[in-house]
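Novice: Once you've had a glance at the structure underneath, I'll fire off some questions.
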Number of protein chains: 4
Amino acid sequence: MASCRPGFTNIMHLPDKPREECGVFGIYAPGHDVARLTYYGLYALQHRGQESAGIAVADGAKIQIYKGMGLVPEVFSGDRLNHLKGHLAIGHVRYSTTGASQPVNAQPLLFRYSGGMLGLAHNGNLTNVTELRSQLMATGSVFQSSTDSEVIVNIIARFAQKDLVDAIVKCMIDVKGAYSLVIITENKLIAVRDPNGFRPLCLGTLDNGYVAASESAALDTVGAKFLRDVQPGEIVVIGDNGLESIQVLKPRRRAHCIFEYIYFARPDSVIDGFNVNQVRREMGRVLAAEYPVEADIVIPVPDSGTAAARGFAEASGITFEEGLMKNRYIGRTFIQPTQDMRDLGVRLKLNPVREVLAGKRVVMVDDSIVRGTTSNKLVSMLRACGVREVHMCLSSPPIAHSCYYGIDTSNEEELIAARMPLDEIRRLINADGLYYLSLEGLLNIFGSARDNFCTACFDGRYPVEVVKTKEAGKYSLE
Amino acid sequence: MASCRPGFTNIMHLPDKPREECGVFGIYAPGHDVARLTYYGLYALQHRGQESAGIAVADGAKIQIYKGMGLVPEVFSGDRLNHLKGHLAIGHVRYSTTGASQPVNAQPLLFRYSGGMLGLAHNGNLTNVTELRSQLMATGSVFQSSTDSEVIVNIIARFAQKDLVDAIVKCMIDVKGAYSLVIITENKLIAVRDPNGFRPLCLGTLDNGYVAASESAALDTVGAKFLRDVQPGEIVVIGDNGLESIQVLKPRRRAHCIFEYIYFARPDSVIDGFNVNQVRREMGRVLAAEYPVEADIVIPVPDSGTAAARGFAEASGITFEEGLMKNRYIGRTFIQPTQDMRDLGVRLKLNPVREVLAGKRVVMVDDSIVRGTTSNKLVSMLRACGVREVHMCLSSPPIAHSCYYGIDTSNEEELIAARMPLDEIRRLINADGLYYLSLEGLLNIFGSARDNFCTACFDGRYPVEVVKTKEAGKYSLE
Amino acid sequence: MASCRPGFTNIMHLPDKPREECGVFGIYAPGHDVARLTYYGLYALQHRGQESAGIAVADGAKIQIYKGMGLVPEVFSGDRLNHLKGHLAIGHVRYSTTGASQPVNAQPLLFRYSGGMLGLAHNGNLTNVTELRSQLMATGSVFQSSTDSEVIVNIIARFAQKDLVDAIVKCMIDVKGAYSLVIITENKLIAVRDPNGFRPLCLGTLDNGYVAASESAALDTVGAKFLRDVQPGEIVVIGDNGLESIQVLKPRRRAHCIFEYIYFARPDSVIDGFNVNQVRREMGRVLAAEYPVEADIVIPVPDSGTAAARGFAEASGITFEEGLMKNRYIGRTFIQPTQDMRDLGVRLKLNPVREVLAGKRVVMVDDSIVRGTTSNKLVSMLRACGVREVHMCLSSPPIAHSCYYGIDTSNEEELIAARMPLDEIRRLINADGLYYLSLEGLLNIFGSARDNFCTACFDGRYPVEVVKTKEAGKYSLE
Amino acid sequence: MASCRPGFTNIMHLPDKPREECGVFGIYAPGHDVARLTYYGLYALQHRGQESAGIAVADGAKIQIYKGMGLVPEVFSGDRLNHLKGHLAIGHVRYSTTGASQPVNAQPLLFRYSGGMLGLAHNGNLTNVTELRSQLMATGSVFQSSTDSEVIVNIIARFAQKDLVDAIVKCMIDVKGAYSLVIITENKLIAVRDPNGFRPLCLGTLDNGYVAASESAALDTVGAKFLRDVQPGEIVVIGDNGLESIQVLKPRRRAHCIFEYIYFARPDSVIDGFNVNQVRREMGRVLAAEYPVEADIVIPVPDSGTAAARGFAEASGITFEEGLMKNRYIGRTFIQPTQDMRDLGVRLKLNPVREVLAGKRVVMVDDSIVRGTTSNKLVSMLRACGVREVHMCLSSPPIAHSCYYGIDTSNEEELIAARMPLDEIRRLINADGLYYLSLEGLLNIFGSARDNFCTACFDGRYPVEVVKTKEAGKYSLE
């Protein structure tokens, strides 16, 4: 229940980035310290959520849970972990899109239902949650949190009189939207991915066990070997009899979130067949091919623009330089500059290197612009160092539509690319040039898999119907 | 989610006492800072629960909540309170009978149901909770905590399609056992007491408003004037139109918990017509009359035995002395003495005063003995100070039966009075005499109200049927 | 460095009381866990200081220390204690008279000097500290804290080229005022008391060792047996060769602080030959003899007035009642009532019991009045309960002079008894009668020892010359 | 006084790196919020010390201080900063070489001496501290900490009867070794650098004021403009009359710490005329020229090896790749893997990217090897990804001698390069090749300034005489 101190704010990320909402991890591994491995797995997924963390462990008879607000190492002490004994576990890290951080929304959720106990960790966002919740409430269900995950649990509980997997199947028919789930019962680990495969989820093997995780980097971290991605529409049940797969729903058109490659995922993860770092570098290469800018140096906005900047430099032949240095000690909390110190805000995180920049024509590569609030400051800092020209290059197409599948991209009216034409944006951020990677160029990177992605935030083509109200995206119990 | 540090233990109370489980507080007072008044009200009820505290505030449109593990001033900061704006509020302090303290069990509970939002704080224990929960789960309900309060909420939600008060009435028909509830909606405060009136609940008036509280001392603390006790079986609804009373169920035989007078309640509270301090003093007087011991001094085990000791001294004519001094700084956490320092345990809390005790024949008055673990150490300490005789006098009859209505008296097999005859207890605690107040003598104190009390822990006559299993008393989600 | 949260305030004590500044503890006991025993000893002395706590432990070769802001159990965890290994230790609890609580002022102080290492804990106040400090600074000494204890250490260090005890002797010649010290070296425990014996200090024996403490109750708590008080002007050195006593200075006129008996010390302590509780009770008896008030009941202001009230009741024959109930859960921090709730302030700590008070003529016994801010509120609360007459009886003479020997009695201009005649005070607090114990009556209680006390706060006769400036009393490094 | 929780350990850095001990910051700027600017300045210097942080602020009349254990944002809240009012300030971040972190060692130190008050923050290490301390103790000085900074303060205090700057001059004559100091009095900011200029210290100007800082990046962060480096042997006094310089000692041979460029300093800092990032890149280029390895890719050990790896790639024409991905969320505390998970240790921080590495001959560039404990694990991780050859390239010569001027390089006997020949190291870390940058090559980078550096850790030529005992390097008060 401890949370951010007043006056402090989270500046681990630059402010003008979309936000991933969650990371999930599950493990079934008799003979291993599953709580501790889940701790390390969540640690490797920390970039997917810094607001709360939780671990639920089962030992065949019961499920124990501990969760709290904060980063993984803030929530868990060695003592806490030692008390979580068992041979299977799930874990969750969460970033919440609601303004106030709410302990009640921390996951995993743990419930008792007619069939026993059930813990659940969810990454994604349902699109018909309001409707589903109303139906459930009409027949007496109550809700303690504002998470759509609680809706999933209630639906499963309604159907689970006989068989849990049957109930999950039925639930998958009812719910729409994005969900990668890891579920724990007293003795089973279940991994579920929605029929479109919006959010990532992969499987690994560990000596005598299995691991499921949002990203393969978490498998690496715990010493597991990558097995395969969970398929869209698949339920994977892991228990005493090993791994069992149920292809519940005929996979619909795949709609993997393309922003995982652009910004969210760790560069060392392989997601649905593609290494993130290589994709990012290729984005830079394609961007350079699309826009043959004349310039002296290419610099990234670290860290998210680094791989694309390198690709850009390689393809264009322009020298790569680190023109902006990042303070590696930026923490979760920080006293914000007062109004009259406002221009210090970005500088605390990124410091321009005059020796590198002065007198140069600069290509600055970033992954994306959401509201445009930071780019202007970056350009100003460069100019103050004597840069002659600034060409802002983005390794993604313009973000012009909100996401309803688990990413916080701000409301559509706040998206700068939805509000004004490109040239106006360029003027606003005071750049000499502004270049976005084309959607076509982006998709071509994936070759024959080019149709497997959700690109709704760029083109507004939502793979699963959405109700464009604020309530669809956010729902508050308070 | 912060809780007791490992190696620390709660020694605010002597270890060998029954435990009250909760205190509740509610207020409806436009124009007042209801969150802050609830804070003070809970502060005045802190003795009823030290494990968690919570406050929910409504402003006519929404309900906000904050709760956490720890004492009231540990959970709430001024900032927290300032964020809880509204004109009605409920609050709760909790001592949990389950071994591990569980944030998920902290109250008030806050739920969204078909009729809107609802917060609930509960003091008491249901006796048919397992059965009720099974029925609810069979039709799809899920439970996140191990509290029977969550069962109450689910029943209300099932019935509340049209009218909340109707639903509460229906719930009161279904549930059995002890419950004093304060309920908050967006604009109403509701107080409910079970048909037997097991746990206390009273009403007060405040300039332009109403207050409900477990004890009248909480009314005093916030400057409210005592109005009356909530009647067994009554629902009191407080809103824009003032106070409305619904006598739902014909009151059954009253069964007020007599242990409120013996040990739990604050001495300055008036409960169901009797001032607690005066009752305690009278217990001492009756005890003296029943057992005309020859002794030099009467000493209490502070603080719970002080009033009775004074009454004993008055009636017997034996001099009252403070022979055991209590360390007033005993806090919630404390590093326990190691095995080889074990005899320091009681001494840290109570220190015998040799000057008072040496060479004397002593009557030591305490309120009750549960497992007998502390009495023996107290007697030894007295003897080490040169006391000639120790007569242990208890202002309650022997506790020989478990409570199922909201008190943690330990399992029946641990109750010393259930395990051995009185003379054996006396030998075990090494006293020269051991005297319990008779049940008859105890009840006579209440005059014509003598049949209005639950005395099940003494005589095993349970006013509401109980299933004597461990599961009836405790139910763990974990 | 953690300290009180803003908006919180220490209300463990009623606001209108003098403040003791410190408690000290020392132990030399091979084979015992001396850190843990010091922890318990400090716990027993917690009433003497709640602002910081510290323990230094030596093992023959080195001294380790840990200290922090807060109550003893807040500062020390089991882990901390386990790291403090050795066979001798000293400890300190501190209440600081300076407004801001300063980690740098926490004790024990630990220094390296030419003779090795030295830890020191001090209770008392020097009267010539400004002069001594100037002399030391003139020859190059620097000071990191505002404590006069640091001056003592520097003087010892100046003289300690050859022998530590010699240096302490020389120091005792230079410094004036009140000091009870426990000093630790790598292998010796030293206890020192100033020639007037202002502040208490006693010795006890433990199986295979010795204990020194501000009060005998701390000896009891750790299972030590009272041996004797340290004599005014005595140095006690405890080491491998047992206990060695050096009567340094011919004892001057004894000047034991009489307020230890009136208010500060634990009732179960024996100080310089008198049990505190018995003295307090006798004060009440004498007070009753001096003022034969007609009344129906005697009530104490708990807890400090309880023993005297009992004595008053015994001597006067008027019935003793508990008319004010104290909230036992008052902690160190607490959100203060806002301006418009101001009358709740005292009520949160003390609640009048209407059943006891209504219609009665009441004698209310308290130990002392400093500024008079609380008494008025208490009288008002009683009158609001229907009390007919309130006679305020104080078990001490009027406090009309500041203390310069280690007690915070406020500046002289704030002392109500220095500002107005008795009858005006009575009117101010709105009592029907106001009676102070006479100084003569107070001293007579001690029989032949009646001249052994410092009574400067009553009669202005300071046993050791003081410079009556603010700087004499307080000195801030900041 | 809060410090690392047991079982946790600081893994912000890879374990096998030298440790910088401190960073200092000073500001004189009427009209600015100097406490907050110091906060940001320390934030920018956080990489120089993560154990404690402190700020002292003066307002012309007095000095106030706050310091604590932990990172800058952990120690300071907005409230704390708001209480530190004034127009000049100094600040300090500290990493301590002593095993236990000690609140008493946190800086700035604040003292009262005959001339008033004085705060001091120190980066560096004196080499004759034991001798100086003995002299001071012989004449009565006492020491509360184990820092040599306290020795400096005592010397200044001894000499400062008339004039502070005179005293500093005299102090500079007495003390030997490395010291960059910022000193604060009630109304002056003083910056001092030792005659060899071991540790960096530079000056900047701010609208209406001056700033002094260990690194120029801290000037950038607070919006100050770089003015110049403080000269070896110079005292800079900043007050109402602006900046005054006193070149105290004729500068001896300059001996700037070359490890600032290799590892410690931020890449965006300019130190004594050289931009750190550019030097690092040049190191990689020289290294490539010295060792023409045949390989497929060059990868850095991030982040310390990144710039050199890039230079190596540029010079050699071999492709630069990010083959090791760093977890950006590594925090100060972390539950260490258990013995049987030991190989997870490095992987938690650095994860190899199989897609980049498999089948390749790899040049891995790091800045230095101290004890060699990590390199072996890195090589193993690479081989497990199918790397064909691993050539370890280090952008520094072998570290074969301990530093006595403020860097923690471990004891000489632990330095792998002092213990075995190069080829044995190569076998130990299981690399196919191991190449160190030559000292000659390193120095040539600095052109005509090549003789201005301390290279004692490589060649054992100590610019200032050192006593090679453990005590010279470390001195513990405990």
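Yeah, the Cβs are placed from backbone N, Cα and C, and that goes for glycine too.
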Novice: Kindly point out which candidate in A:S304, A:S316, A:S438 is recorded by TrEMBL as part of the Mg(2+) site with A:D366, A:D367.
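Specialist: Candidate listed by TrEMBL for the same site: A:S304.
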Novice: DSSP on A:C454 ([4Fe-4S] cluster binding site), three-state: which is it?
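Specialist: DSSP assigns A:C454 ([4Fe-4S] cluster binding site) to strand.
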Novice: Counting other Cβ atoms within 10 Å of each residue's Cβ, which of the binding-site residues A:C257, A:C403, A:C457 comes out lowest?
Specialist: A:C403
Novice: How big is the Cα-to-Cα gap, in Å, between A:C403 ([4Fe-4S] cluster binding site) and A:D367 (Mg(2+) binding site)?
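Specialist: Spelling it out, the Cα of A:C403 ([4Fe-4S] cluster binding site) and the Cα of A:D367 (Mg(2+) binding site) are 17 Å apart.
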Novice: With the [4Fe-4S] cluster site defined by A:C257, A:C403, A:C454, A:C457, which remaining residues of that chain have Cβ atoms positioned within 8 Å of the Cβ centroid?
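Specialist: Going along the sequence, the neighbours come out as A:F198, A:I258, A:F259, A:Y405, A:I407, A:T409, A:T455, A:A456.
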Novice: For the C-alpha pair, I'd like the distance in angstrom between A:D366 (Mg(2+) binding site) and A:C457 ([4Fe-4S] cluster binding site), rounded off.
Specialist: 17
Novice: Please report the number of other Cβ atoms within 10 Å of the Cβ of A:C22 (active site, nucleophile).
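Specialist: That number is 26.
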Novice: For the C-alpha pair, I'd like the distance in angstrom between A:S304 (Mg(2+) binding site) and A:C22 (active site, nucleophile), rounded off.
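Specialist: Between the alpha carbons of A:S304 (Mg(2+) binding site) and A:C22 (active site, nucleophile) there are 18 Å.
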Novice: Give the number of CB atoms, excluding that of A:S304 (Mg(2+) binding site) itself, located within 10 Å of its CB.
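Specialist: Other Cβ atoms found within 10 Å: 22.
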Novice: Give me the count of other Cβ atoms within 10 A of the Cβ belonging to A:C454 ([4Fe-4S] cluster binding site).
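Specialist: 26, counting other Cβ atoms within 10 Å of A:C454 ([4Fe-4S] cluster binding site).
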Novice: Report, in whole Å, the straight Cα-to-Cα distance of A:C257 ([4Fe-4S] cluster binding site) from A:D367 (Mg(2+) binding site).
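Specialist: Distance between the two Cα atoms comes out at 15 Å.
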Novice: Reduce the DSSP letter at A:C403 ([4Fe-4S] cluster binding site) to three states and note it down.
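Specialist: Its secondary structure by DSSP: coil.
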Novice: State the Cα to Cα distance, in Å, between A:C457 ([4Fe-4S] cluster binding site) and A:C22 (active site, nucleophile), rounded to an integer.
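Specialist: Distance between the two Cα atoms comes out at 19 Å.
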Novice: For a quick check of packing: other C-beta atoms within 10 Å of the C-beta of A:D366 (Mg(2+) binding site), how many?
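Specialist: Here the count is 25.
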Novice: Report the mean pLDDT of the predicted model across the domain 'Glutamine amidotransferase type-2' (A:22-241), rounded to a whole number.
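Specialist: The answer is 92, the mean pLDDT of the model over that range.
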Novice: Taking the Cβ of A:D367 (Mg(2+) binding site) as the centre, how many other Cβ atoms fall within a 10 Å radius?
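Specialist: The answer is 26.
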